[in-house]
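Chemist: What follows is a single structure, and I will ask about it in a moment.
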Amino acid sequence: MEVKEMFNLARVPSILMLGLIYVAYVLVGGVIFWKLEGDLGRKDLSQLLLNKQRLLMTYSCLNQEGLEEVAQVVQEASKAGLSLKGNQTTDGFWKFTSSAVFAATVVTTIGYGNMSPSTTTGQIFCVFFALFGIPLNVVVLNRVGKYMLALERNVSDFLEGKSGRKGCTRFFVHLFCYICGTVLFFIMPMLVFQQQEGWTYSQAIYYCFITLSTIGFGDFVADNNPDKNYPDWYSVLMASWIFFGLAWLALLINHTIDILERLNALLKKGCCGEKTGDESESADNANPDTQMEDDDEIKKPPITQ
């Protein structure tokens with residue numbers, strides 16, 4: 001086998017093209033984030049240093065060591081979910097509802113990072129809980145996504161039978177499902193989070209996508225402010241939204257992957273062109289699968305009328 005045939009068999013040009021597109025996409029994103037957030041980050045650091053100096057000058061009895069101790073108390077209180085405003089006490093993060101939401105973020109691999117087990121037994125249990133819960137979550141979401149896709153196809157087939165227009169009907173059914181999913185899993189939660197958390201609309205829609213895509217930065221976390229009294233239904237609504245939203249977004253991402261693969265196939269077809277008859281014949285001779293199919297056809301007896 002020649003070197004050219006080996007590269008053609010391994011589809012190295014296609015892999016290199018995808019790799020270059022991937023690296024370029026990541027680098028361009030890094031440059032954009034650097035330009036958008038870099039200057040603001042430096043301004044925030046300068047402002048924090050000024051606030052620190054102002055605090056030390058205002059409270060002259062507080063030295064550097066005392067300031068570090070106060071910061072440590074604030075950090076520990078934030079991790080425990082306790083409010084420093086007033087003298088009232090709360091249950092912290094580890095209530096039943098917030099613990100159930102935490103378990104959902106573990107198996108869905110969202111991992112906000114705002115709360116985590118601190119005891120040794122809790123950390124060991126979290127490992128085994130995630131070890132079996134993550135595959136279970138993948139299986140369940142896969143089944144739910146397939147059910148949603150089957151329901152969409154059934155509606156599409158029913159409308160195609162009534163209208164007789166296959167491509168147009170399927171396109172509008174897909175579009176209608178995408179719009180309904182966007183309203184149900186992004187627009188309505190955005191309104192709820194804006195009311196309950198006091199976020200802006202841009203922050204709420206940002207949190208919706210970061211959560212459902214399982215990125216989970218943890219800069220915005222719902223049902224997490226110790227100074228707010230959330231209703232009992234809020235945690236249940238959040239868990240339901242996360243589960244069904246993950247299934248819908250996974251279905252949408254699969255559709256996007258299918259579109260990108262088709263574009264990749266079209267690009268390869270346009271760049272490489274159609275194979276000539278001699279090249280396709282030599283490729284078929286070099287392909288072991290084609291040879292096995294030919295052998296099977298030879299072994300089959302002729303069909304008699």
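Quick reminder: no glycine exception, Cβ is built from N, Cα and C everywhere.
Straight out of TrEMBL:
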{"type": "TRANSMEM", "residues": "12-34", "note": "transmembrane segment"}
{"type": "DOMAIN", "residues": "91-148", "note": "domain 'Potassium channel'"}
{"type": "TRANSMEM", "residues": "124-144", "note": "transmembrane segment"}
{"type": "TRANSMEM", "residues": "171-192", "note": "transmembrane segment"}
{"type": "DOMAIN", "residues": "177-261", "note": "domain 'Potassium channel'"}
{"type": "TRANSMEM", "residues": "204-221", "note": "transmembrane segment"}
{"type": "TRANSMEM", "residues": "233-253", "note": "transmembrane segment"}
{"type": "REGION", "residues": "274-305", "note": "region 'Disordered'"}
Chemist: Please spell out the DSSP helix, strand and coil residue counts for the domain 'Potassium channel' (91-148).
Modeler: 41 helix, 0 strand, 17 coil
Chemist: What does the DSSP secondary structure composition of the domain 'Potassium channel' (177-261) look like, as residue counts for helix, strand and coil?
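Modeler: Counting residues per DSSP class in the domain 'Potassium channel' (177-261), I get 63 helix, 0 strand, 22 coil.
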Chemist: Which whole-number mean pLDDT does the model give the domain 'Potassium channel' (91-148)?
Modeler: 84
